[in-house]
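For reference, the structure is listed below as structure tokens.
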Amino acid sequence: MKMIVGLGNIGTRYDETRHNAGFMVVEQLARDFHLGAFTHEKVEAVTVTGLINGQKVMLVKPTTFMNESGRAVKPLMEYYDIALDDLIVVSDDLDMPVGKIKLKQRGASGGHNGLKSLIDHLGTREFNRVKLGIDHPKFGSVVSHVLGRFDTEERPVFEGAVLQAEQALIKWVQGTSFDQLMNEYN
């Protein structure tokens, strides 16, 4: 089974905010493949499991809030015996413009607290990521920016990135190597 973890903050207050880019991608997958509603797991996450083009996949949204995402993901990986190669984490990225996606095999957190939590809890940087650009704030604080919503000009551009990320994830689930996907999407 493959596991796709979307990072974000749980609760209606955070719906559709920039920091919830990961949630938006896994929600799009769940909708498009009619996987049903996310339900509470034994750990601090909501999940939905089903088939994407014949392959078993678990979509995960941690309920720990962004900065503690690893606390939810590690026990799920252990319980379901998910190898690091069968994990992809989807997150936002301040250092990329809205509408851009980047696939990355490993590395540091880049200042992203959700990724930092995953690295700390998993004990490794060796996991695949799909990052969606949310850009730096034009004015105001970074916190206000990441917890804010896309404006009317940015929204359709970001939605295009969500669909592009979804297509990359579908190809990965179907067996395309992550190296090939990086060549195609980066």
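Glycine is treated like the rest: Cβ placed from N, Cα and C.
Keep in mind it's a predicted model, so treat the numbers as computed, not measured.
The site 'Discriminates between blocked and unblocked aminoacyl-tRNA' annotation in Swiss-Prot covers Asn9, and the record cites sequence analysis as its basis. Within the same chain, the residues at least 6 positions away from Asn9 (site 'Discriminates between blocked and unblocked aminoacyl-tRNA') whose Cβ sits under 8 Å from its Cβ are Thr17, His19, Asn20, Phe65, Met66, Leu147, listed in sequence order.
Marked as tRNA binding site by Swiss-Prot: Tyr14, Phe65, Asn67, Asn113. Under DSSP, Phe65 (tRNA binding site) is assigned to coil, being neither helix nor strand in the three-state scheme.
Residues or ranges marked as active site, proton acceptor by Swiss-Prot: His19. All protein chains considered, the CB of His19 (active site, proton acceptor) has 24 other CB atoms within 10 Å. His19 (active site, proton acceptor) falls within a helical segment according to DSSP.
Under the heading site 'Stabilizes the basic form of H active site to accept a proton', Swiss-Prot lists Asp92, citing sequence analysis as support. Annotation note: Asp92 (site 'Stabilizes the basic form of H active site to accept a proton') sits in a strand segment as assigned by DSSP.
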Spatial separation of Asp92 (site 'Stabilizes the basic form of H active site to accept a proton') from Tyr14 (tRNA binding site) - C-alpha basis, Å: 14
Phe65 (tRNA binding site) CB neighbourhood, other CB atoms within 10 A: 19
Whole-number Å value for how far Asn67 (tRNA binding site) lies from Asp92 (site 'Stabilizes the basic form of H active site to accept a proton') (Cα to Cα): 13
Farthest-apart CA atoms of Tyr14, Phe65, Asn67, Asn113, residues recorded for tRNA, distance in Å: 16
Env. residues of tRNA site, Cβ within 8 Å of mean position of Tyr14, Phe65, Asn67, Asn113 Cβ: Gly8, Asn9, His19, Thr64, Met66, Glu68, Ser69, Gly114
